[in-house]
Amino acid sequence: MNTEASQDQTVTETPGVRLRQARESLGLTQQTVAERLCLKVSTIRDIEEDNAQANLASTFHRGYIRSYAKLVHLPEDELLPILEKQAPVRAAKVAPMQSFSLGKKHKKRDGWLMSFTWLIVLVVLGLTGAWWWQNHQAQQAEIANMVDQSSAQLSQNGGQPVPLTDDNSDAIAPTDAPAPVANGQPVPLTNHSTSAVTNSATTSSATTSSVPTTSSVPKTTLVPKTTLVPKTNSTEPVDTANTNTTMHQEGAASAAVSPSQVPQLGMPTDQPPLPTADAGVSGSASSVGALVMNFTADCWLQVVDATGKTLFSGIQKGGAVLNLAGKAPYKLTIGAPGALTISYQGNPVDLSKFIKANRVARLTVGVE
C-alpha cells in the first residue's frame, strides 16, 4: 500500500509543482525568478501551473524549464522525463519545398524572353544601318553624277569653268586683270586720249614739256620714251619736249606706274581717270542682288537665277572668290557645303544644317 501511494505521489508531482516547491524552499518570489531569468512573470506562472503557451515553441518551453531548474538547484534529468510524458515534442510544420523542375521552367521562360528581346534589338540595329548605308550611297551617287556633268560641261567649254550668257557677261568681274603693256611700258592711252594730246600740243608748248601732277602721282612721274609730234600746221619747235624727255629717262627706267595713277597727257586736270578692272569689281559686288562666295576647298557649284539662266556650273578651287549678279532669287546646288561661305547683299547665308547633315545643299537665296 505504501509503494502504490508513493508512485501516485510521484506521478502527481509535475515539473511545475516541483519548481514551485523548490522556489518556496529558497524563499524566492515569482518576480525575483522572472528578473533573474529575464522572463515575464506570466511566463513563470504558466511554467509552475504546467500551462504550455500555444504560440511558444516546445524547444523554448524546455529551455525555460531547464533555466528555472538550475536556478532552484533541481536536477534536469528528473524533470525532463516527466515533461516528455506530460507534453510530448510536437513535430514542426515544414512547408513542402517546390519542385526543382518548376525553377527550371521559370529560367527557361526568362531565357526565351531575353533571346526574343535581343533578336528585336539586332533587327532594329540592322534596319538602321541599312537605311544609313542606302542614304550614303545615294548621296555619293548624286555627287558623282554632278561631277560627271561638270566635267562634261568643262570639256564642251574648252576648259572654262564659268559658262555665262550674253546678258550676264558682267556678272563675274576679274579681280587680277593685268594692264596692257607695250615695249615694257604701260599703255594707258586710247584713240580719244591720243587725239586729246595732239590737240593740246598745238595750243601750248608747256603741255609737252611737263607732266601734270595729281595727288595720286609722285613728283618723279614717268614720261614716255617717244615724243608725240602733233600733225598740225604749227611751226612751234619740239626741242623742249626732247630735252625734257631725255632728263626723265633715268627715272622712267626704275619705276612702273599703272595707267590709272598717271594722268593723260594734254588732258585737263578736272577730267576723271579712266575706269579700271578694280572699279568694275567693286561696282558689281555692291550692286543689288549681288551674291559673293568664298571657297576654302574644292567644291562643285551650280547657280541659276530667277529667269532660269545658269550663272555658274562647275568646280571652284579652294581660295577662289566668286561674285555673281543676276535676277533674284537664286537656286543654288552645292556639292560640299562646308567648303565655302556665301553672302547675299552683304548678309551671310546659313549653311549649318547642310554641314551637320553632311549632304548636298539645295537652297534658294534672295526670296522676299
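Even glycines carry a Cβ here, placed using N, Cα and C.
Keep in mind that this is a model prediction, so the values were computed, not measured.
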>> In Swiss-Prot, one of 30-49, 50-69, 330-349 is tagged DNA-binding region. Which stretch would that be?
In response: 30-49
> What is the average pLDDT across the topological domain 'Periplasmic' (133-368)?
Replying inline: 63
